[in-house]
Amino acid sequence: MSSYSYSSLPEGSIRLIRLLPHQDKNSPIQCQLFDCPLFESESTYPYEALSYVWGSEEKPQSISMDNHSFLVGQNLHAALLHLRSRFLERILWIDAVCIDQGNLAEKGLQVQSMAKIFAKASRVIVWLGEAAADSNQALEDIRVAAAKQSRTPSTDEANAWSRAYRGGRGLDQKAILTLLQRPWFERIWVLQEVAAARHILIKCGHTEIDGYAFCSGLSALKLSYETCPDRQALIYSATYLIRDAALRPRCATSHHLDRFSLNICTLGELVDMYHTRKATDPRDKVYALLGMCSDSPGLAGLSADYGILWRELFRRLVNFLISEQMSVHTRDDTEMAIIEGKGLILGEVLSAMRDTNWEDRQIVEIAWGDHPYCIGIEETPESSWTFQAPAKSIQGGDLVCLLQGASRPTIIRLYNDHWIVIMTAVPPTDDLHGPTRDTKWTELLHSTTTFPHDFLLVWDWDMDPSKSQDGEDREYFVHRRPHECSKTELEDNLNKAIRLGKVGMALQGVNGREKSRKYLRKAMKIFEAASRDMVSRWRNVDGKLKRMTDLLIMYKDAWAPLMAAEAWHEVVVKLLLDAIKVALDADRTRLLSWAAEKGVEVLVKTPLSWAAENGHRVVVKLLLDTYNLDLNDEYTLGKKALLFWAAQNGHEAVVKLLLDTGKADLEAKNWHGQTPLSLAAKNGHEAVVKQLVDTGKIDLVTLDRRMQTPLSLAAENGHEAVVKLLLDTGKIDLDAEKNWGGQTMLSLAAENGREAVVKLLLDTGKVNPNVRDRSDRMSPLSWAAKNGHEGVVKLLLDTGKADLEAKNWRGQTPLSLAAKNGHEAVVKLLLDTGKADLEAKNWHGQTPLSLAVENGHQAVVELLRSKRQRLS
């Protein structure tokens, strides 16, 4: 038998198949092909359109077409066998047969008409494939679930449902999920086919179910997709289109004069929802959606044309969906686009969840940014949007941005040094408005003219943002863009620093600035290494050094030296300081007005205080050598003079540098009344304390607001070496040193268990171990006993001078305090002296024993009772 040869197809016509009947189900398939005009005014035609998966082209099956041999795939052959009637012919439209696939011109024209072809069909048959893996029972369970949801089931249906659970079988969710994992649910073309349908029949082997019943049953079953989470979105998006077939008008019309369209929503919304679906030819991921969209992509060259390369089609699509002002880089071998351009961040996604009423929708909560571009949103800092869930689920932390030239916002996700596109075009909402309710937010978006930040975005149709392998492939593509194809490691580092810097700049529009600073610090760390290399070799690779410097100078929140000084990037600081001089000469008005707005501390003094605080001597010297600053200017230096920062954090080299200037005020006090010496002593920085003491210009007994001296602060915090250093000066009256509560240094050290400090003080022979506080009337022994500091108690007892019967203002002796708090070892030490009064009573008449009993300290109770028995 000779092979079938197509004849030319008249304009405005389609081909239909006449599937001839046969009583023998195993006999060869016989068909006839004929032309049929497709008029606009007609209602549905008496043919059925087949929605199926082509499947593998290996081992094709032969059928008879007008008495000629015609090869079809195995899946289509199986479908024809199941569709063939024993007695009546059947009229069908099947793309693999009715379109001359070898004629690209015809194929393009017919593909443009496919929405109309399926809309004109009296019925669309969804062929899922041969019966397998309990698919018959799965469809029956779905049908019965639909019947139970829509009405009270009949007796037969109720019995069928109960049989499903009898004998422990239960509802076979596994069989249903296996059915839903068939390839049909993954393909892109099937969406348009069921979206156009007026009636849908779903067929698997010999089992059939109405499309609406299929969707209703699945909804009623509330399946768990934990074992196949990627399947949920695919099922929801397909059933969303299937369930409405019966509600569509029988007369298929279009609002577009130039083409037929189902007018479901914009092409951008369709692409966002369905671009992860599968197609053998990537161009079909676009062409399959054109017949469903409500806008006019044909004006942008987006019509079905198999003569155009994928990379060009993808580029046109990105420019059409987002903005013509974006630079787009695509390739033929990947479904990935690199998008570069200007924009601004509008807000951040707080949360995103599925709508419980509409499974295919997502509710997104957004916190709007606080920058001036978000005009009209001040009264509603947070708002909620509900729209069709995109293919890539929106997550908390995603950002809403407006790109230059775009009519709608885009939702993006940060990934390392670039952004991932999650949703190209967020549908408009009436919930947001301008200063007056008459001004719609869409109008405000269109009127936005300032787009301050650079964005590098990746739109990857194949990728899951959470998978590391996809991230590696995407980064390789990003780093190999034509204008950024680095030839050396140095260029790689510079490019990386610039990308990170741009991310940091863009993040300034997000609530909370820490993310922005984090990325700028990352950029500066890489920039530091790269700039060191360039400075050492006197190179400026393609002006990238200047680009990075300019980027950092104009950082909005605080000038970049602030981060550079904090992280000790002295080369970066030097480059920036040099650059600011050049900028002043080249564009004095711009830079000075910016400096006036931010304040002079943003330019130099805040970075200088950060450098001093973190001990970066080289950076401090660079800044001091460059600018003539008042080192004691507390206001402009972050509320603390430089010496405070350096002394507090123990940065010996920076302290020396500041002391050598001869300008630092050694007796300046912060708002706690503490001097640099107080701060150094408090934090135990021995070397810094020695530097300050050695100047001979320090008041060693200066008091802060709590009436504490440097020595008492060191003693309280247990800094033995600092205490010894200050004691060795011989200039301090130990008993005269008391804080606002009348505590001596010995008392503070004893209270906090500073055993080594207590020993130092006792060894001087100049402290009275029985001096009591003014407020609590507590002695050093009382404090140590109360807090259970056994070593300190022993030291005080060993002096032979500690008063064991000294009572505080509540009448409690050291033994009472130790017993009350359950410190067994301390109680034993006190009892072993033989001088502790077991019967001493406080103001409430309680003895040490009664206090121990009251507080449940059994070991102490037994110790005291044993002692009392021995004494009696």
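Using N, Cα and C of the backbone, Cβ positions are placed for all residues, glycine too.
Here's what TrEMBL has on this protein:
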type: DOMAIN; residues: 47-193; note: domain 'Heterokaryon incompatibility'
type: REPEAT; residues: 672-696; note: repeat 'ANK'
type: REPEAT; residues: 706-730; note: repeat 'ANK'
type: REPEAT; residues: 741-765; note: repeat 'ANK'
type: REPEAT; residues: 776-800; note: repeat 'ANK'
type: REPEAT; residues: 810-834; note: repeat 'ANK'
type: REPEAT; residues: 844-872; note: repeat 'ANK'
Q | Distal contacts, the repeat 'ANK' (706-730) - CB-CB under 8 A, six or more residues away | A | 672-673, 675, 677-678, 680-686, 689-690, 693, 700, 737-740, 743-746, 748-749, 751-754, 756-757, 760-761, 764
**Q.** Non-local residues, at least 6 beyond the ends, that sit with Cβ under 8 Å of the repeat 'ANK' (776-800)
**A.** 741, 744, 746-747, 749-755, 758-759, 762, 769-770, 806-809, 812-815, 817-818, 821, 823, 825-826, 829-830, 833
(Q) Summarise the repeat 'ANK' (776-800) as counts of helix, strand and coil residues per DSSP. (A) 17 helix, 0 strand, 8 coil
Q) Mind checking how the repeat 'ANK' (810-834) divides into helix, strand and coil residues in DSSP? A) 16 helix, 0 strand, 9 coil
